[in-house]
Amino acid sequence: MNSQIEPEQINDQGHLTIGGVDSLELAAKYQTPLVVYDVAAIRHQIRAFKKVFAKNQVAAEVSYASKAFSAIAIYQVVAQEDGHIDVVSGGELTTAIKAHFPMEKVSFHGNNKSKEELELAVQNGVGMIIIDNFHEIDLLGEVLDEQDATATVSLRITPGIAAHTNEYIQTGQVDSKFGFDLESGQADRALEEVLANPRLKVVGLHAHIGSQIFEVVGFEGVAKKLVDVAEHWHEEFGFQTRVLNVGGGFGIRYVQEDQPLPPEEFVDAIIKAVKKEVAKKGLSMPAIWIEPGRSIVGPAGYSLYTVGSRKDLPGYQPFVTVDGGMGDNIRPALYQAAYETVYAKDPRQKPEETVRIAGKYCESGDILARDQALPKTKPGDLLVMLDTGAYGYAMASNYNRNPRPAVVFVENGHAQLVIQRESWADTCRLDLPLASEDK
Ligand SMILES: Cc1ncc(COP(=O)(O)O)c(C=O)c1O
Ligand SMILES: N[C@@H](CCCC[NH3+])C(=O)O
């Protein structure tokens, strides 16, 4: 059986269960393709992060990076767990507002926030705006003048650390599009500009080196770099860094070969690195904020697909085609991301063949997974792809005018629809026909 499945996830009928609910029942009730989250796993990970900070007696916040999966229901869960969130667009912020998420616990990110987005953030009293660039300093200044308001801000710096991960998901290297560069003096200039505006209450520093990272060394490096900057800003500008935000990026296991550290160990290493550097420099200890996305929702998510057609060609791995694909999970096509799949009716059944799981989109690259060892499936069988909770539904599209799937939260044996399935009609709901020519 797939080693990511716990024995207690198999019920008396031998079926895969998620959060205590039979996956076949979920598919029958909500149809496929379907995204299912085990809410207990989400809560468990947020609590585990918080516990590491508590154990180390450090002031901290766990800010869920909601680009990994944004929905009213996930913001409600994070609020119940007393967590923070980060948002990166007016859409994510609006979703959080609709969830009645406490706005003082929201950080607003983005490398090109529009004036309208900044207005929305200021009007709603967003707790932290993470300033990314000089244009934003001016734009936010304008918005604050117009609204006669102030904002708590941090500055995002580019730490010059290239994380060991896919280059498309690196963000901390020197030529990253995000944040203020250190070496050229941009970051110092940004701090001076921010300090000169009494409407901007600057409290800290932010850096994020990338995503799906397996080693602590990059995080230790970023912790050291941020404390170096804090020391320099203290000496040069008398600025006291109160919040040191090291971003997210803790890697998860998608396939057997992935061997990440438990997410909490990354955090433990970060705390130790910050403490050591702060003590060495005689600075006062800042609060440490982290922004994990993938590690909170990734392993909690499952994609349910129904098998349809298949194609066999001698000498090639067969294609088993499912009713979803790159429209509900672009990651395999975009990053060659790998996943594991199980046969829901009997995850313990011995594999009989190794197949490619193809999606239904008109793209040769729409292969959800390769080298999947499975029993011989037939049309109508249910396959469940594991660990799809991060950047799956969040990056979903209507390509080929396929509707996006429904999303269900499952907890304590109870399932609840949290995002409705789109219909075919929904895929053209924003279209307007050409004005009649014979008017
Ligand atoms: C600024 C920032 N914070 C947090 C995250 C979350 O990263 P992850 O989902 O890998 O934890 C990202 C995404 O890479 C990010 O850009
Ligand atoms: N979307 C990426 C992660 C990038 C996160 C944004 N900074 C992924 O699926 O791995």
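Numbering starts at 1 and runs along the chain as it is shown here.
Every residue, even glycine, has its Cβ placed from backbone N, Cα and C.
Note that the coordinates shown come from a computational prediction; the quantities given were computed from them, not determined experimentally.
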The pyridoxal 5'-phosphate site in TrEMBL includes Glu291, Pro292, Gly293, Arg294, Tyr391. Which of Gly221, Gly238, Gly249 is also listed there?
Gly249
Under 6 Å from ligand 1 by Cβ, which recorded positions from Gly249, Gly293, Arg331, Tyr335, Cys362?
Gly249, Gly293
What recorded positions in the list Arg331, Tyr335, Cys362, Glu363 lie within 10 angstroms of Arg294 (pyridoxal 5'-phosphate binding site), counting C-alpha atoms?
none
Across the domain 'Orn/DAP/Arg decarboxylase 2 N-terminal' (40-297), what does the mean pLDDT come to, as a whole number?
95
Work through the recorded positions one by one (Lys67, Arg331, Tyr335, Glu363) and name whichever has its CA nearest to the CA of Glu291 (pyridoxal 5'-phosphate binding site).
Lys67
Most crowded position, judged by CB atoms within 10 A, among Lys67, Arg294, Arg331 as recorded positions:
Arg294
Rounded Cα separation (Å) that holds between Gly249 (pyridoxal 5'-phosphate binding site) and Glu363 (substrate binding site):
30
